[in-house]
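So TrEMBL says this about it:
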- A:6-31: transmembrane segment (TRANSMEM)
- A:67-92: transmembrane segment (TRANSMEM)
- A:137-157: transmembrane segment (TRANSMEM)
- A:169-188: transmembrane segment (TRANSMEM)
- A:195-222: transmembrane segment (TRANSMEM)
Amino acid sequence: MNESLFTPFITPTVLGLPAAVLVILFPPLLIPTSKHFINNRLIIIQQWLIRLILKQMMTTHNAKGRTWSLMLTSLIIFIASTNLLGLLPYSFTPTTQLSMNLAMAIPLWASTVAMGLRFKAKITLTHLLPQGTPTPLIPMLIIIETVSLFIQPLALAVRLTANITAGHLLMHLIGSSALAMLAINLPLTLITLTILTLLTILETAIALIQAYVFTLLVSLYLHDNS
Amino acid sequence: MTLGTRRSDISHFQCQMLQSIIKNIWIPMKPYYTQVYQEIWIGMGLMGFIVYKIRAADKRSKALKASAPAPGHH
């Protein structure tokens with residue numbers, strides 16, 4: 001392996017110019033659109049999937065929360081497609097960059113808090129104190145709940161970054177160790193390659209699950225505040 | 001000058017692009033951008049502020065390091 005462990009995570013440049021925006025804008029190009037009423041099988045499968053995601057995400061919301069359907073559906077499709085494309089060799093995954101995940105998490109979280117404070121200020125503030133708290137603990141618990149509120153966007157971003165980065169790094173390490181052992185010990189290489197195959201399947205699942213978890217948590221924060 | 005490279009051609013294409021953007025993006029998404037996503041604009045403003053603060057601090061620390069190079073470490 002002639003590339004270092006940092007190479008998959010360097011933001012892409014084309015002849016010295018940053019290409020990160022192009023890489024981020026690329027996954028939607030792979031999703032076909034159709035203006036016809038009756039479509040071919042691929043579009044029908046896509047529409048079925050989007051309808052499934054929509055129903056699963058938005059059933060628990062009220063009318064105000066459902067105005068965010070487009071945002072949440074786009075979010076899960078974008079993160080899932082970006083993560084899955086990142087599993088291809090030599091590709092760059094934008095969601096491994098903390099900057100991008102923070103740029104997704106902070107506006108979404110801040111907008112749910114702003115929505116709560118704007119339309120239901122008293123109820124939003126009462127969320128800072130769980131029900132049934134003993135009186136002496138109230139000041140400390142309010143501080144703890146406030147801190148946990150401000151940690152939410154950081155947790156969202158870091159969770160996605162760490163999961164995807166760690167998975168890619170692990171695949172890189174096990175792949176390079178299998179390659180190094182090929183000339184030395186063939187049975188051990190085969191075992192390592194089996195582990196790598198299982199890990200790749202796991203990473204595919206993690207790519208989809210992390211997209212779901214991110215969107216679900218944003219949806220939960222929205223539900224609390226709408 | 002050849003057709004398509006004159007300044008009037010370039011602004012004609014830019015007008016067409018603007019018209020296409022307005023017709024395909026702004027008009028369908030107008031209720032979202034103006035009413036539904038008001039708080040998201042506030043969130044994006046907060047994020048822009050944080051990005052500005054981080055970049056300014058980075059610039060300041062780089063300027064400080066460049067102006068006062070540290071002595072050799074033992």
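Note that the numbers count up from 1, one per residue, in the order the chain is shown.
Cβ atoms are placed via backbone N, Cα and C, with glycine included.
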Considering only Cβ pairs within less than 8 angstroms, which of the stretches A:67-92, A:137-157, A:169-188, A:195-222 has the most against the transmembrane segment (A:6-31)?
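When the Cβ pairs under 8 Å are tallied, A:67-92 comes out ahead.
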Hey, which bits of the same chain come close to the transmembrane segment (A:195-222), Cβ under 8 Å, at least six residues off its ends?
57-58, 61, 65, 68, 72, 75-76, 79-80, 83-84, 86-87, 104-105, 108-109, 112-113, 115, 152, 156, 159-160, 163-164, 167-168, 170-171, 174-175, 178
Given a Cβ distance threshold of under 8 angstroms, which distant residues of the chain, six or more beyond its ends, lie next to the transmembrane segment (A:67-92)?
8-12, 20, 23-24, 26-28, 30-31, 50, 53-54, 57-58, 61, 104, 108, 160, 164, 168, 200, 203-204, 206-208, 210-212, 214-215, 218-219, 222
